[in-house]
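Annotated in TrEMBL:
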BINDING   43, 44, 166, 183  FAD binding site
BINDING   223, 278  D-dopa binding site
DOMAIN    5-324  domain 'FAD dependent oxidoreductase'
SIGNAL    1-25  signal peptide
């Protein structure tokens with residue numbers, strides 16, 4: 001059969017990383033990324049990009065750990081390469097602090113990040129409102145540079161990228177053999193996924209170059225994440241909110257909460273406000289589906305619904321999506337062989 005044509009719909013973090021993994025794993029395929037928006041106008045561009053896993057209630061912990069390990073290992077290698085600066089990936093050390101001791105004193109990802117340990121009494125003096133904490137070193141992706149680096153890698157692998165609004169996956173049937181759905185919150189309308197809902201996140205990007213360590217409330221409600229160009233202050237988790245306009249009251253609340261953790265932020269300059277809609281589900285949708293119409297079939301792989309945890313697991317879920325694409329290719333080749341017989 002001719003080289004299979006694969007369309008990846010969506011050009012955020014999940015779409016680009018999945019397209020790259022498919023192109024690397026199946027170099028004979030023609031891979032195309034289709035999206036209404038590319039960086040810097042995607043939800044992923046707003047994300048803080050810290051590798052601290054979110055927990056998905058509907059997915060076994062050993063699977064989540066594998067996804068995180070694959071992602072951390074891959075990005076750690078980039079951070080140790082000459083491409084680290086261009087890709088916007090760097091190590092950052094800091095603290096996760098708790099007002100009440102956490103249920104899991106040692107989280108499932110503790111042996112993947114670097115140097116995980118309980119905070120010392122001296123360290124906790126910096127946070128008088130908190131009773132315990134964890135210190136470790138992890139990775140941070142500065143999102144727009146990382147997405148642009150992924151686009152560059154895609155082009156080097158011969159992947160085409162086209163600006164196109166896809167209203168129905170079936171409209172791709174005549175052009176592509178396999179469609180990979182990485183549309184994030186767009187899947188709510190595109191495939192009618194009622195289990196998918198937005199969790200609105202508002203963050204501030206500020207100039208505070210003296211802040212070198214991350215600080216995170218254990219429940220993830222408030223965080224300070226230093227990047228290469230700015231410090232990200234967050235945040236909010238507003239379920240079922242579709243509003244993309246910044247809220248001034250929320251901006252003040254975020255800034256005040258972050259200043260209570262790091263008082264020196266009172267001197268932060270050049271405050272920019274960003275809003276994104278996290279595509280949230282109880283579990284990531286990572287599965288094959290066959291769409292049928294009038295005897296015709298379209299092979300689809302879904303990879304979306306990562307919520308707040310996309311950066312922490314994106315390489316791992318891209319690997320799994322590429323494996324499912326491989327199953328689709330095998331099915332196409334099998335049907336092609338039977339047709340010849």
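The backbone N, Cα and C atoms fix where each Cβ goes, glycine too.
No curator has checked TrEMBL annotations; they are predicted automatically.
Around residue 44 (FAD binding site), the same-chain residues six or more apart in sequence whose CB sits under 8 Å from its CB are 12, 13, 14, 143, 147, 276, 310, listed in sequence order. Non-local contacts of residue 166 (FAD binding site) by the CB criterion (under 8 A, 6+ apart in sequence, same chain) comprise 9, 34, 36, 172, 183, 190. For the binding-site residues shown (43, 183), fewest C-beta neighbours within 10 angstroms: 43. In sequence order, 48, 50, 214, 215, 216, 217, 232, 233, 234, 235, 258 are the residues near residue 223 (D-dopa binding site), counting only same-chain partners six or more apart with C-beta under 8 A. In the shown protein chains, 24 other C-beta atoms lie within 10 A of the C-beta of residue 278 (D-dopa binding site). In this structure the residues listed as binding FAD are 43, 44, 166, 183; their two most distant Cα atoms lie 19 Å apart.
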